[in-house]
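To keep things clear, I will list the structure first and then write my remarks on it.
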Number of protein chains: 2
Amino acid sequence: MKEFDLIGRYFSDGGHTRKDVVIGIGDDCAVTNVPSNQQLAVTTDTLVAGVHFLEDAPAKSVAYKTVAVNLSDLAAMGAEPAWISLSLSLPTVNDEWLSEFVDGLYELTQYYSVQLIGGDTVKGPMAMTITAQGFIPPGSELTRSNAKPGDWVYVTGTLGDAGAGLDILQNKLNVAGEARDVLINRHYYPTPRVAMGTALRRIASSCIDVSDGLISDLGHILKASGCGANVHVDKLPLSRALTSAVDNAQAIEYALSAGDDYELIFTVGEEQRGNFETSMGGSSVKATCIGQLTGQAGQLSLLKDNQPFTPTNENGYEHTF
Amino acid sequence: MKEFDLIGRYFSDGGHTRKDVVIGIGDDCAVTNVPSNQQLAVTTDTLVAGVHFLEDAPAKSVAYKTVAVNLSDLAAMGAEPAWISLSLSLPTVNDEWLSEFVDGLYELTQYYSVQLIGGDTVKGPMAMTITAQGFIPPGSELTRSNAKPGDWVYVTGTLGDAGAGLDILQNKLNVAGEARDVLINRHYYPTPRVAMGTALRRIASSCIDVSDGLISDLGHILKASGCGANVHVDKLPLSRALTSAVDNAQAIEYALSAGDDYELIFTVGEEQRGNFETSMGGSSVKATCIGQLTGQAGQLSLLKDNQPFTPTNENGYEHTF
């Protein structure tokens with residue numbers, strides 16, 4: 001199948017361009033150059049209207065989020081983003097919607113120096129798939145499987161905001177003023193932690209991004225690494241917006257189980273902690289230590305004031321089957 | 001978003017594996033190695049149920065076709081396929097359907113030595129997106145834009161079969177016996193011309209695959225290269241199955257305008273014709289010369305017995321907007 005007019009009309013002559021792209025949009029394939037001393041990281045994520053974003057979400061947010069979730073996967077691997085391919089399925093062609101979508105897309109590609117190198121536009125239910133590619137020096141990739149008992153558990157930024165934002169948009173939570181805008185923006189326009197991901201190379205022992213909630217995503221690290229964890233819920237980083245909008249118990253619930261924050265959860269061994277503190281010195285993104293890994297494979301123990309803590313929802317927030 | 005159980009359950013422990021894949025399915029990204037003397041070719045195609053394939057198409061065919069159309073794009077660029085990422089959107093989980101889908105997928109990945117390196121499974125309308133990646137030596141890529149007036153126009157295999165097969169399945173065409181099976185199979189299980197694509201490197205002046213019909217796809221070469229073409233419809237390669245199923249005029253219509261054949265259209269300059277004949281000597285896939293490029297930009301002239309010929313449908317077969 002070929003890329004029809006849509007690609008030509010909306011995507012062909014804009015966006016950030018990179019010198020390592022030999023052929024971009026417009027032929028059967030894109031052709032690119034991977035630096036000879038780098039490995040290639042590849043990730044694919046699909047967002048479906050009504051499943052992964054609200055049917056009436058602003059087009060700019062849909063574009064932003066589709067790019068951000070993919071760059072977030074690259075960040076969680078420690079990769080530096082380079083190129084994205086977009087497949088866009090739309091039931092109808094709406095010029096205004098598409099222009100806004102392209103604006104959102106290019107805002108992120110420009111900011112992260114990523115080039116849109118190709119894609120496909122098809123008639124179908126509203127959904128978008130991006131494959132993002134980036135570079136990692138050999139041996140520097142941050143996997144889920146390399147954590148060890150005793151490693152410290154960190155998380156970037158603050159947790160739970162995007163989940164509260166979604167609940168506000170769905171009229172499940174009533175919040176006014178600035179906090180409302182902050183929380184909704186965190187849902188609509190997540191920030192992929194790209195610089196943090198590359199800074200953690202050879203420092204973090206494991207890493208994952210928070211798409212489905214802390215419990216669920218930390219669980220993937222525990223499973224892949226054969227570890228357990230003690231997590232102190234009173235140490236979870238909470239935004240002022242969230243704590244001003246809901247009480248502490250609810251804020252903790254959001255932080256533990258709501259998804260779509262796209263912060264990074266990572267582990268750092270005791271022997272790397274000095275390196276880590278040094279390299280984080282200049283970072284604008286805060287990382288908070290929330291607990292420590294244990295040898296009890298698969299056991300995630302939540303603690304509050306050092307006492308066992310039971311969350312209301314232990315399953316995280318799963319979009320899919 | 002993470003890959004949930006579906007990926008783990010159906011895709012994680014099978015399929016062809018390659019030594020250049022450092023990390024496959026199961027982490028935030030796949031990590032691979034591109035040979036230092038090769039460029040990377042990347043293509044993305046989406047197939048939507050009811051738009052690109054029949055809602056009741058066998059799962060094996062859906063998988064086969066999704067892989068084949070992407071490998072066909074790599075072939076049209078002269079690239080050697082290496083890896084694919086799959087995004088699978090399904091409304092429900094049907095074990096039997098998924099097992100058949102995986103069988104179809106792995107049959108092709110095995111045959112072409114391609115590894116499935118990752119993907120995403122989401123709940124949504126039935127649709128699948130594959131991003132395929134492959135290698136091309138620098139300067140060897142077959143674009144659409146490098147053809148010159150005087151170059152000869154070739155096409156591989158036979159044209160029109162898949163379109164007739166689709167019409168049979170939709171009860172628009174009544175064909176019995178072996179021809180019926182052959183034509184339906186050409187629709188359900190297209191063959192990407194991978195070996196031919198790499199053999200044409202540095203020989204063909206341009207190349208594209210037939211996804212939307214000869215007129216439409218040759219049109220892309222003419223537009224990109226600023227040429228015209230004379231095409232002799234009496235030279236179009238037609239299968240015995242097609243000519244036994246319909247009369248000559250109908251067969252020519254299918255060959256000109258029906259899509260989904262995934263043959264290659266390519267051009268060869270007079271100075272490369274000797275090289276071309278030599279390198280095609282051992283090929284099991286026939287290439288047929290159907291005409292010649294002209295300097296009349298954008299003008300596609302169809303001829304039959306050297307007289308102007310007007311097809312019924314000049315627009316090709318477009319799936320999309």
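Every residue gets a Cβ built from N, Cα and C, even glycine.
Note that the coordinates shown come from a computational prediction; the quantities given were computed from them, not determined experimentally.
For the Mg(2+) 3 site, TrEMBL lists A:Asp28, A:Asp209; matching the candidates A:Asp73, A:Asp161, A:Asp167, A:Asp247 against that entry yields A:Asp73. Each of the binding-site residues A:Asp120, A:Asp209, A:Asp260 was checked for a CB under 8 angstroms from a CB of chain B; the ones meeting this are A:Asp120, A:Asp209. Cα-Cα distances to A:Thr43 (Mg(2+) 4 binding site) place none of the binding-site residues A:His52, A:Gly119, A:Asp120, A:Arg144, A:Ser211, A:Asp212 within 10 Å. Shown in sequence order, A:Val69, A:Ser72, A:Asp217, A:Gly259, A:Asp260, A:Tyr262 are the residues of the chain, 6+ apart in sequence, with a C-beta less than 8 angstroms from the C-beta of A:Ser211 (ATP binding site). The closest partner of A:Asp73 (Mg(2+) 3 binding site) among the binding-site residues, by CA position, is A:Asp45; the full candidate set was A:Asp45, A:His52, A:Gly119, A:Asp120, A:Arg144. In the predicted model, the domain 'PurM-like N-terminal' (A:26-135) shows an average pLDDT of 95. A:Ser211 (ATP binding site) carries neither a helix nor a strand DSSP state and counts as coil. A straight line from the CA of A:Arg144 (ATP binding site) to the CA of A:His52 (substrate binding site) spans 24 Å. Per Cα geometry, A:Asp28 is the residue among the binding-site residues A:Asp28, A:His52, A:Asp212 nearest to A:Asp120 (Mg(2+) 1 binding site).
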